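Here's the structure, in structure tokens; my notes come after.
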Amino acid sequence: MSTSNLFTPLQFGKCLLQHKLVLSPMTRFRADNEGVPLPYVKTYYCQRASLPGTLLLTEATAISRRARGFPNVPGIWSQEQIAGWKEVVDAVHAKGSYIWLQLWATGRAAEVGVLKANGFDLVSSSAVPVSPGEPTPRALSDDEINSYIGDFVQAAKNAVLEAGFDGVELHGANGFLIDQFLQSPCNQRTDQWGGCIENRSRFGLEITRRVIDAVGKDHVGMKLSTWSTFQGMGTMDDLIPQFEHFIMRLREIGIAYLHLANSRWVEEEDPTIRTHPDIHNETFVRMWGKEKPVLLAGGYGPESAKLVVDETYSDHKNIGVVFGRHYISNPDLPFRLKMGLPLQKYNRETFYIPFSDEGYLDYPYSEEYITENKKQAVLA
């Protein structure tokens, strides 16, 4: 597979990637009760910076205490959190790789008990629950919306200017707060923040503009899950026009890249259920164009990743492929794919174990990778 375009460079903002395999943002619940990354988080990311020039996208990270709707997920608002992340960033950079922080606000998808324990309400664009029988959020006021935008801006500053991240990814996917404003089944407002395509886009676009003003356009990307029905999304009648408007405005604003979660959320060996036939997001990749990178995520394996880069988008040199679960169990994933080595199986039971390194640090490198590293060390 070493001849595949997966192993050609990709200019990504100010980062020159040496291959197009990207670590997916994945919640792992390995932060302490105050949202500070635990010490072994540094080791986890360093393990996956196994080849110089690798791009790592971190797990979703709360922009503020009120935006943190789950226990043991990290934040980026406190000095302790910033310091914890800076250790991770410095270690990844020392290995010659790059790391971007995903910025996150949960909105109505939060666990109510976590919010109440800190004195916060469940909130969203409108008073519409994720599904019938679920808790109903309170609609954010205009002042609160602007305050949340400010939280995103401060979090981006903390990440890029203080912790040293190469950039930030705005989490506009999977039914979280930005997505809750974008899509009409959730957003039933009639003010400047809802009621039409342009107004539903306003929250995400204003966040993007102001974050770019704070840290620069080469340091800002956006993730979207256009076809996903997760957490009450993906059922709107004007879905394509809504996302077309949003993506075209993002392109005009000048973000560094677009990250799209595909409609296929299953492993490549089990493609039985697809939420939409456009499994490689060709509808929205065409809208975005070829000038800047597009990251594609959604159940890719070695062969399907090669296929999407070398055949589906053979005329698009700025496509990156995002790996999640396979990257958990194969910290040397880029090396394995390049050399055609078999992948280790992952264990779902250990994905989410707070305060534990089980299933987090204990997947070994391949013997071939270890041998190659020893050779390089001797040559150095």
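Any Cβ shown, glycine's included, is placed from N, Cα and C.
In Swiss-Prot this protein carries:
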- PRO25, MET26, THR27, ALA60, GLN102, HIS171, LYS223, GLY299, GLY324, ARG325: FMN binding site (BINDING)
- HIS171, ASN174, TYR352: substrate binding site (BINDING)
Task: Distant-in-sequence Cβ neighbours of HIS171 (substrate binding site), under 8 Å, six or more positions away - done: PRO25, ALA60, GLN102, LEU103, TRP104, ALA105, ILE178, LYS223
- [ ] Could you find out if DSSP has HIS171 (substrate binding site) as helix, strand or coil?
- [x] strand
Open item on the list: Which secondary structure state does DSSP assign to GLN102 (FMN binding site), in the simple three-class scheme?
Closed with: strand
TODO: Starting from each candidate's C-beta and looking 10 angstroms out, tell me which of the binding-site residues THR27, GLN102, ASN174 has the most other C-beta atoms.
DONE: GLN102
Task: Fewest other Cβ within 10 angstroms of its own Cβ, chosen from the binding-site residues PRO25, GLY324 - done: GLY324
- [ ] Between ASN174 (substrate binding site) and THR27 (FMN binding site), find the distance joining the two CA atoms and give it rounded to the nearest Å.
- [x] 13
Task: Site diameter for substrate, Å, by largest Cα distance between HIS171, ASN174, TYR352 - done: 20
Open item on the list: Give me the count of other Cβ atoms within 10 A of the Cβ belonging to TYR352 (substrate binding site).
Closed with: 14
Task: Greatest inter-residue Cα distance in Å for the FMN-binding set PRO25, MET26, THR27, ALA60, GLN102, HIS171, LYS223, GLY299, GLY324, ARG325 - done: 20
